């Protein structure tokens, strides 16, 4: 009876649904991996005891290599083979087909080592030296092969931008290696990089920005240097660094204006047909001449052209022996020059006289001048007395 009543109430809609109570943090229990002291990005070294049975199936990878790498691979193959043998991986160098192959064996314990071996042969085919490429077998080391050949269509632009990435004396590349902590090799249409995941991400961004002409590598290096300094400050660890980083604006270079051809007025009628060679011969009357006369006419035209060329060459040779025209002197100009010289001479004489007078006045002593004047006055008196 009670069940029947409940069903009736549900049908009538009289009963109200009870809200579900939610307890916040009900399942928030302490978990062993939530400890802040644990580094979640750390890769633990593989222990062979974790996989004692080995691999059930054989996995293999192969990659082609260019012909110019054949000699080097032959020399360094024993080193590569020995390093892979330590991890239980077999390798084969096929010089006929030009490929390298790696495969798992019964002694292989680490399931991920075959992926590392695949990266090793990829790096070897991209001109990375064998001692450097073998480092990829370590758990801490990762690799990235960036394809840059298909990012730019124009070959000249591609070569120029790739050179920007390398820099003068490989200085830009060395700076990028120091800041990212990665090994970088620019070869042909690819850039091979080896390092940590964080460093590889930075390298890929810098390389793509350079090849796509978004930002020069030097500016990216400046930003990385700023980030390196900011990371040292623990107070800025959880803050946004955009306000500290420099912002470089791309300067638009003025391009040359393309000369547009003037559009001619549209005419529905086609242009008049040009006369053919036979029509021109008919007009000049040459068509009706015999073969001998035609040859004689051609020979005469040839002789005339030859005579014109010889005359022109002779005239050019004789130009070197023609004396240059001497400049003619104007008589009026000569008289004017003489008058000017006479006036200058007179003015100089006047100046010399004035200068002499000034010097004589400066050299006269006052006592001698007075004595001379007194002597003259005494003589004048004697003359007057004698007259009287």
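Cβ atoms here come from the backbone N, Cα and C positions, even for glycine.
Automatic, uncurated: that is what TrEMBL annotation is.
Features reported for this protein in TrEMBL:
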REGION    1-37  region 'Disordered'
COMPBIAS  7-19  compositional bias 'Basic and acidic residues'
COMPBIAS  27-37  compositional bias 'Basic and acidic residues'
DOMAIN    59-139  domain 'KRR1 small subunit processome component first KH'
DOMAIN    141-232  domain 'KRR1 small subunit processome component second KH'
COMPBIAS  252-262  compositional bias 'Basic residues'
REGION    252-278  region 'Disordered'
COMPBIAS  293-340  compositional bias 'Basic and acidic residues'
REGION    293-341  region 'Disordered'
COMPBIAS  353-362  compositional bias 'Basic and acidic residues'
REGION    353-388  region 'Disordered'
COMPBIAS  378-388  compositional bias 'Basic residues'
TODO: On the DSSP side of things, how many residues of the region 'Disordered' (252-278) fall into helix, strand and coil, could you say?
DONE: 2 helix, 0 strand, 25 coil
Open item on the list: For a three-state summary based on DSSP, what are the helix, strand and coil counts in the compositional bias 'Basic and acidic residues' (27-37)?
Closed with: 3 helix, 0 strand, 8 coil
